[in-house]
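J.: Here's the feature list from TrEMBL:
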BINDING   ARG52, TYR189, LYS195, ARG318  substrate binding site
BINDING   LYS195, HIS215, ASP252  Mn(2+) binding site
BINDING   LYS195, HIS215, GLY231, LEU232, SER233, GLY234, THR235, GLY236, LYS237, THR238, THR239, GLU281, ARG318, THR439  ATP binding site
Amino acid sequence: MSVELANYGILNSTTHYQLSPEELTKKMVETGQGEVTSSGAVNILTGEFTGRSPKDRFIVKDDITENSVWWDGNINIPFDSEKFDALYDKVVKHLSGKDIYVRDAFACADDRFKTKIRAITETPGANLFIYNMFIRPSEEELANFGDSDWTIINAPTFVADSENDGTRQHNFSILNFKRKIVLNGGTGYTGEMKKGIFSALNFIMPVDKNTLPMHCSANSGENGDTAMFFGLSGTGKTTLSADKSRRLIGDDEHGWTADNTVFNFEGGCYAKVINLSAEGEPEIYGAIKEGALLENCGYVEGTKEVDFANTDITENTRVSYPIDYIENIAQPSVGKNPKNIFFLSFDAYGVFPPIAKLNPQQAAYLFISGYTSKVAGTEAGITEPQTTFSSCFGAPFMPLHPTKYAEMLSAKVEETGVNVWLINTGWNGQKKRMSLKDTRAVINAALNGELDNAEFKQDKFFGFEVPVAIEGVDAEKLNPATSFASEEAYEENAQILADKFKKNFEKFAEFATPELLSGGPLI
């Protein structure tokens with residue numbers, strides 16, 4: 001099968017369709033766009049942008065989106081449809097006459113929701129990213145692929161003229177729901193492609209499919225119980241869901257259906273590799289081999305061995321790889337019987353405990369709030385943790401009003417009786433990060449039922465229940481106040497954070513029921 005790019009307005013190009021990872025790696029090396037590392041994985045540089053650029057993400061405002069998208073002016077930024085058409089024409093003209101890499105793949109592991117994706121990329125590295133991150137079709141599926149449901153057009157060397165093109169600056173990522181296109185230009189950061197499709201599904205799933213889309217990772221235990229880990233980039237979704245004792249469903253994007261199936265939107269993993277080690281994260285470390293795509297990594301001097309501590313280019317060093325590079329996975333990437341939800345927050349104030357149990361009202365309040373800290377490198381310009389509230393633990397990718405997703409989650413929690421836990425993967429009072437060992441221990445205590453009959457103490461500021469003791473974890477670590485120089489210092493920081501929660505929630509006040517408000521801070 002081949003694809004006629006003239007149908008997209010791309011003329012006189014050389015089409016490379018469905019190349020294998022080996023062929024794409026060869027192209028990258030031949031064109032100087034990538035280097036093969038000592039592990040066999042290829043390393044590319046993404047150029048000016050080493051993270052997403054949220055201020056340059058737009059949604060075309062038309063009769064599909066005008067009255068349904070939450071046009072808050074900050075996250076979902078409207079783009080004129082005529083401007084889009086003109087910019088599209090400029091992009092495909094830019095791609096004409098070039099070597100173009102085309103790949104057909106799927107999103108959504110549940111066959112009932114399978115979505116056909118066609119990616120048209122200017123570089124072989126971006127095409128390998130699509131191969132790794134989306135669901136790879138069988139030969140039979142490819143033969144019967146037909147037209148795609150959504151198209152990604154990725155042109156990193158295209159430079160927009162902001163004065164005439166309607167963009168903020170020279171780079172952009174634009175969703176067009178009428179034409180079903182994700183149009184990316186001016187940035188080589190591959191994550192923009194996957195988040196473009198994620199944003200599209202975050203509209204389609206609740207509006208058309210009665211399915212809750214989630215920015216979370218997920219895995220399942222031997223008994224078939226499913227756990228979900230919500231969190232922004234860098235808070236631990238990928239790391240904590242890659243557990244050799246549980247089957248990985250997916251590391252970032254999932255749907256929760258009306259019949260309580262949880263399914264992966266993707267077919268791969270996109271992991272941060274800053275300070276990665278075989279001892280700390282063996283599953284991810286072991287996946288960095290031939291076929292994996294590293295981004296912006298430095299080397300041990302004089303070698304092609306990756307130095308995972310090197311941040312010369314960015315803190316947001318990454319690797320993408322097919323999900324089957326992880327040994328213990330669910331096949332297909334689908335789970336049943338949701339039992340535990342974990343909200344991962346990087347608390348820069350150090351007042352959240354390592355783990356706390358939430359009631360349904362607190363779960364809804366914290367979900368809408370989406371408190372964390374932006375972690376260095378995941379977005380352009382972020383070099384130190386910054387306190388932020390990102391609704392649904394993924395506001396940059398959520399086109400609808402946050403209360404829509406929160407209502408769906410609340411209904412699911414009530415219906416299934418799933419346990420909801422808050423996990424602090426950030427700092428304690430001494431600005432020392434929670435150890436991965438301790439975080440895994442408290443999560444395992446929740447997963448294995450140790451906390452079902454545990455003794456809890458209510459947090460006087462936030463009202464959630466904190467376990468008094470967990471086997472293998474120093475009891476003092478469970479009480480965040482002990483890590484501060486004094487009780488007064490702890491209370492001062494806790495009050496500051498509680499006030500920030502209340503201030504942030506003011507923008508949802510007109511939608512908030514008394515029940516929802518009862519899930520907020522007590523003081």
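Including glycine, each Cβ sits where the backbone N, Cα and C put it.
So where do these features actually land, and what's packed around them?
T.: Counting every protein chain shown, the Cβ of ARG52 (substrate binding site) has 21 other Cβ atoms within 10 Å.
Spatially close to LYS195 (substrate binding site) yet at least six residues away along the chain are ARG52, SER173, PRO396, PHE397, judged by Cβ distances under 8 angstroms.
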J.: Sequence gap of 6 or more, Cβ distance under 8 Å: name the residues on the same chain that satisfy this around HIS215 (Mn(2+) binding site), in order along the sequence.
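T.: Listed in sequence order: PHE198, PHE230, GLY231, LEU232, ASP252, GLU253, CYS392, PHE393, GLY394, PHE397.
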J.: So, three-state DSSP: helix, strand or coil for LYS195 (substrate binding site)?
T.: helix
J.: Considering the binding-site residues LYS237, ARG318, which residue's Cβ sits among the greatest number of other Cβ atoms within 10 Å?
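T.: Result of the Cβ crowding comparison: LYS237.
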J.: Taking the Cα atoms as reference points, how far is THR235 (ATP binding site) from ARG318 (substrate binding site) in Å?
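T.: Distance between the two Cα atoms comes out at 14 Å.
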J.: Give the distance between the Cα atoms of ARG318 (substrate binding site) and THR239 (ATP binding site), rounded to the nearest whole Å.
T.: 13
J.: Tell me the Cβ neighbour count for ASP252 (Mn(2+) binding site), meaning other Cβ atoms within 10 Å of its Cβ, over all protein chains shown.
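T.: Result for ASP252 (Mn(2+) binding site): 28 neighbouring Cβ atoms inside 10 Å.
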J.: Considering all pairs of residues in ARG52, TYR189, LYS195, ARG318, annotated in the record as contacting substrate, what is the maximal C-alpha distance expressed in whole angstrom?
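T.: This binding site's residues have a maximal Cα-Cα distance of 15 Å.
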J.: To the nearest whole angstrom, what is the C-alpha distance linking THR239 (ATP binding site) and TYR189 (substrate binding site)?
T.: 21
